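Structure record follows, encoded as structure tokens.
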Amino acid sequence: MNNTSSETDFILLGFSSQPQLEHIISAVVFVFYLVTLVGNTTIILVSYLDSQLHTPMYFFLSNLSFVDLCYTTSIVPQMLVNLWGPKKSITYGGCALQFFFALDLGATECLLLAVMAYDRYAAVCQPLYYTVIMHPVLCQKMVLSAWLGGLGSALILCPLTLKLPRCGHREVDNFFCEMPALIKMACVYSRVIEIVVFTLGVIFLLVPLSLIVISYAVITQAVMKIKSATRWRKILNTCGSHLTVVTLFYGTLIYMYMKPQNIVSHEEGQFFTLFYTIVIPSLNPLIYTLRNKDVKNAVKRILGMCKHSAKV
């Protein structure tokens with residue numbers, strides 16, 4: 001029962017069961033990663049450079065974009081190296097770091113999405129008091145709480161999972177070191193891990209999702225009373241973007257983490273993991289910018305200023 005593999009490399013099996021698809025998958029992942037880098041970096045820069053976007057909504061959105069950038073960067077480069085090269089290995093330290101950041105940033109994003117739902121509630125249901133309610137100090141504290149909450153979950157789960165006896169097992173049945181795959185490597189059943197995972201799943205998935213649902217239930221009631229078609233469309237655009245992201249992100253995470261791991265098939269696990277780690281972070285900036293005129297106009301203003309400076 002000794003943890004004999006604690007100082008050796010791990011083997012990331014990834015898509016080795018379908019080697020003919022590895023080159024196609026690597027190309028698709030590379031494209032999505034570029035979109036993630038460009039899209040999220042653009043949102044962060046635009047939110048910082050354009051004074052008209054110095055609002056709570058874009059403060060939270062830029063934090064969400066930063067989380068997505070860090071999240072995908074902790075996974076994709078190693079994944080592409082393994083897909084392109086002959087070796088599929090990752091060091092124990094690299095695996096531990098990948099696991100830690102995936103947990104930390106994933107939990108942080110869950111809490112940030114709940115914070116953004118509260119921001120939308122305040123903007124729609126309390127428009128006259130919005131600036132008073134969502135003052136900068138409160139916004140900073142809410143974001144800091146989200147980051148600290150994600151860090152706390154990682155500090156709890158990482159040591160518990162990595163200390164599980166693996167009896168020499170080195171093969172991680174995934175393309176990165178994720179908790180379900182690492183738990184499956186263990187040669188013993190841990191009731192403690194199961195209880196901790198379920199408890200943190202309730203705290204970081206079900207509770208924030210419940211708060212989001214309650215916020216949007218109240219928002220829906222308020223929207224139904226609005227007679228102005230212009231304001232109606234503006235609210236639907238901003239809230240619709242957030243709801244789309246929430247549905248995609250929480251839907252896949254709840255399926256993966258709240259469902260018993262022994263009934264999740266290998267193909268299902270890979271598909272959902274690929275979706276919420278690679279695809280969703282690339283879709284977030286597209287969802288927010290394509291449905292949001294404020295961001296589009298801000299990009300145009302910044303590009304116009306850059307052209308004017310270049311001519312001068």
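Along the chain as shown, the residues are counted starting at 1.
For all residues, glycine too, the Cβ spot is worked out from N, Cα and C.
Some features that TrEMBL has for this protein:
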- 24-46: transmembrane segment (TRANSMEM)
- 39-288: domain 'G-protein coupled receptors family 1 profile' (DOMAIN)
- 58-76: transmembrane segment (TRANSMEM)
- 96-121: transmembrane segment (TRANSMEM)
- 142-162: transmembrane segment (TRANSMEM)
- 195-219: transmembrane segment (TRANSMEM)
- 240-258: transmembrane segment (TRANSMEM)
- 270-290: transmembrane segment (TRANSMEM)
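With a cut-off of 8 Å between Cβ atoms, the residues of this chain six or more beyond the transmembrane segment (96-121) that come close are 56-57, 60-61, 63-64, 67-68, 70-71, 74-75, 78, 90, 134, 142-143, 145-147, 149-151, 153-154, 157-158, 161-162, 176-179, 182, 200, 204-205, 208-209, 211-212, 215-216, 218-219, 238-239, 242, 245-246, 249-250, 253, 277. Most Cβ pairs under 8 Å with the transmembrane segment (24-46) belong to 270-290, among the candidate stretches 58-76, 142-162, 240-258, 270-290. Distant neighbours of the transmembrane segment (270-290): 15, 29, 32-33, 35-36, 39-40, 42-43, 61, 64-65, 68-69, 71-72, 75-76, 102, 174-176, 178, 241, 244-245, 248-249, 252-253, 255-256, 296, 299; these residues of the same chain sit at least 6 beyond its ends, with a Cβ under 8 Å from one of its Cβ atoms.
Summed and averaged per residue, pLDDT over the domain 'G-protein coupled receptors family 1 profile' (39-288) gives 85.
Outside the transmembrane segment (58-76) by six or more residues, the chain places 29, 33, 36-37, 39-41, 43-44, 47-48, 97-98, 101-102, 105-106, 108-109, 112-113, 115-116, 119, 139, 142-143, 146, 175-176, 277-278, 280-282, 284-285, 288, 294 with a CB less than 8 A from a CB of the stretch.
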